[in-house]
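*Asks:* Mind having a look at this structure? Questions to follow.
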Amino acid sequence: MKPRRSMLFIPGANAAMLSTSFVYGADAVMFDLEDAVSLREKDTARLLVYQALQHPLYQDIETVVRINPLNTPFGLADLEAVVRAGVDMVRLPKTDSKEDIHELEAHVERIERECGREVGSTKLMAAIESALGVVNAVEIARASPRLAAIALAAFDYVMDMGTSRGDGTELFYARCAVLHAARVAGIAAYDVVWSDINNEEGFLAEANLAKNLGFNGKSLVNPRQIELLHQVYAPTRKEVDHALEVIAAAEEAETRGLGVVSLNGKMIDGPIIDHARKVVALSASGIRD
């Protein structure tokens with residue numbers, strides 16, 4: 001499976017970006033019908049995204065749509081449009097509880113049945129944006145087999161906490177809570193956006209923090225951030241060589257019917273082998289010096 005490190009937000013009302021965003025090289029494009037779209041443009045943006053999702057050039061890249069919350073006048077209409085158009089994943093903003101996911105899942109399944117899509121083919125992502133969402137992160141992450149990822153969204157979260165964006169200290173607990181919930185549920189976790197697009201040094205510092213904590217990637221707001229993020233997540237040649245040795249040792253042990261895998265006198269267990277396979281998968285997109 002192709003790694004999903006970068007998810008690039010594309011404003012749903014920006015027809016020019018909708019028609020070209022597949023060329024930027026992000027692992028996934030995330031059409032935004034929520035915060036990036038004004039109230040008067042909601043209907044137009046929904047139609048533009050509906051049309052973009054059906055374009056042949058988007059068939060080779062993962063598509064995600066951030067809909068409006070279901071308790072707004074726009075959320076259900078967004079969902080009807082994007083599921084019928086064949087979106088790969090729906091991102092639900094402001095997810096506070098497992099019930100939010102259950103409601104979303106019920107609507108998605110109904111729409112799939114009505115339009116003839118394979119039931120279960122539309123994946124879900126929960127965006128956690130409040131103290132309540134952080135507290136309920138584990139139950140949210142386990143709420144549905146459709147849920148492929150959870151993401152932390154910083155702006156609403158820090159507002160809810162009565163603080164503001166700073167050096168990252170204000171997000172540390174939430175990051176750890178979301179990560180632990182994702183790992184317990186066996187799904188991916190995505191870090192917050194870095195909105196200061198001209199501060200490359202700051203972006204790289206936060207991207208390295210996200211990687212070192214264990215996030216699978218980040219949501220992005222500018223195409224210039226894609227290659228920077230991919231370089232952060234790219235393994236080194238030494239890491240790739242070691243991973244290949246681990247995989248070879250595991251395959252040899254399996255061929256010989258051995259129950260124990262060892263490499264250079266050290267025992268190798270399942271998690272190490274799984275990690276090696278992930279390193280090799282990442283290396284297909286580039287290797288750092």
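A Cβ is built for glycine as well, from the same backbone N, Cα and C atoms used for every other residue.
As the structure is a computational prediction, the values presented were derived from the model and not from experiment.
Reproduced below are the annotations present in Swiss-Prot:
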BINDING   Arg66, Glu129  substrate binding site
BINDING   Glu129, Asp156  Mg(2+) binding site
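Any idea what these are sitting next to in the structure?
*Replies:* Counted within 10 Å of its Cβ, the other Cβ atoms near Arg66 (substrate binding site) come to 28, all protein chains included.
Within its own chain, Glu129 (substrate binding site) has Pro93, Lys94, Thr95, Leu152, Ala153, Phe155, Asp156, Tyr157, Asp160 as residues 6 or more apart in sequence whose C-beta sits under 8 angstroms from its own. Under the three-state DSSP scheme, Glu129 (substrate binding site) falls in the coil class.
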*Asks:* Tell me the Cβ neighbour count for Asp156 (Mg(2+) binding site), meaning other Cβ atoms within 10 Å of its Cβ, over all protein chains shown.
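*Replies:* There are 16 such Cβ atoms around Asp156 (Mg(2+) binding site).
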